[in-house]
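According to Swiss-Prot:
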{"type": "ACT_SITE", "residues": "26", "note": "active site"}
{"type": "ACT_SITE", "residues": "29", "note": "active site"}
{"type": "ACT_SITE", "residues": "83", "note": "active site, schiff-base intermediate with substrate"}
{"type": "ACT_SITE", "residues": "97", "note": "active site, proton donor"}
{"type": "ACT_SITE", "residues": "246", "note": "active site, proton acceptor"}
{"type": "ACT_SITE", "residues": "261", "note": "active site, proton acceptor"}
{"type": "MOD_RES", "residues": "83", "note": "pyruvic acid (Ser)"}
């Protein structure tokens, strides 16, 4: 999402710029997913009992704000000024765009989990993002992947860092950590699909502006987002002024979620879709996402643990099949500590396949 004006709390503010300095907003998000557990058999509580004021203070450190929230019996969903936050019993997912300082909030999240829920150990960590268009505008902690890895390594021993994709195209960075624990939770099928889209169709971009839609709900229906999200999902969203869109959804009585964020300025257009739902086929849902946004470039990832049949099916289809209208330029398979990952990059068939928007980010092309 993006915005160039501010209210008391709703959007990121931007400093006044010299007349010859062009406006820019980094739509690509930083994504942190943390799974917690206890080091003892003492009674634990849900992360969802962390007080709202503590969550607000944590997000202040990351430089974003809560706009609104919704809840069911399994998950708390927050639409932020810069993307999204989801909290379930033992998992936190924080996704922030722009020039936020996401990793600066990490020690606070860990402290809150121990203090309020008795979850004093991080069992699994996933930090990921694509390459930035303007890494020079990021805070020092996020200017390059080497700096992010060094910071994460200060908390987690034996973490792993990866760079997936061609260095001549958009690429994707991942840091993972997993701790073998004495008292593991009951294992459930788990998978995550993420679609990162850039250079979107101009007709699509206009749909995510105040000139086209009145508010978030109007945008949800008129832009075709309603065709992507499974029927019956509970949705809350925000259409920013003058442009930009964020949406969270969760499936009733589960901790399954979906989130969409759109930066609709033509010079640096970007949209993301992420979900762990298992109600509909992930490959079919992917095709609906692409029909909605019509991007010229796509970066896709699918995580799946060994008991997620739907996740493994999506991985197989991503590995075996082309997406209609697109040419796959790269596909990679990675076996992680507790799951597998398939990464793929696509360009429209009319495109040359070279990412003219790809930055010169010196992100330490490291992989373990």
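Even glycines carry a Cβ here, placed using N, Cα and C.
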What is the nearest of the active-site residues 83, 97, 246, 261 to residue 29 (active site), using the Cα of each? 97
Taking the Cα atoms as reference points, how far is residue 83 (active site, schiff-base intermediate with substrate) from residue 26 (active site) in Å? 12
Residue pair residue 246 (active site, proton acceptor), residue 261 (active site, proton acceptor) - Cα distance, angstrom, rounded: 4
Other than its own, how many Cβ atoms are within 10 Å of the Cβ belonging to the residue listed as 'active site, schiff-base intermediate with substrate'? 26
Per DSSP, three-state class assigned to residue 26 (active site): coil
Between residue 261 (active site, proton acceptor) and the residue listed as 'active site, proton donor', what C-alpha distance do you get in Å? 9
Where residue 97 (active site, proton donor) falls in three-state DSSP terms: coil
Pop the Cα-Cα gap between residue 97 (active site, proton donor) and residue 26 (active site) into the table, whole Å please. 6
Counting across all protein chains, other CB atoms within 10 angstroms of the CB of residue 246 (active site, proton acceptor) number 26
Please determine which of the active-site residues listed here (26, 29, 97, 261) has the lowest count of neighbouring CB atoms within 10 Å. 26
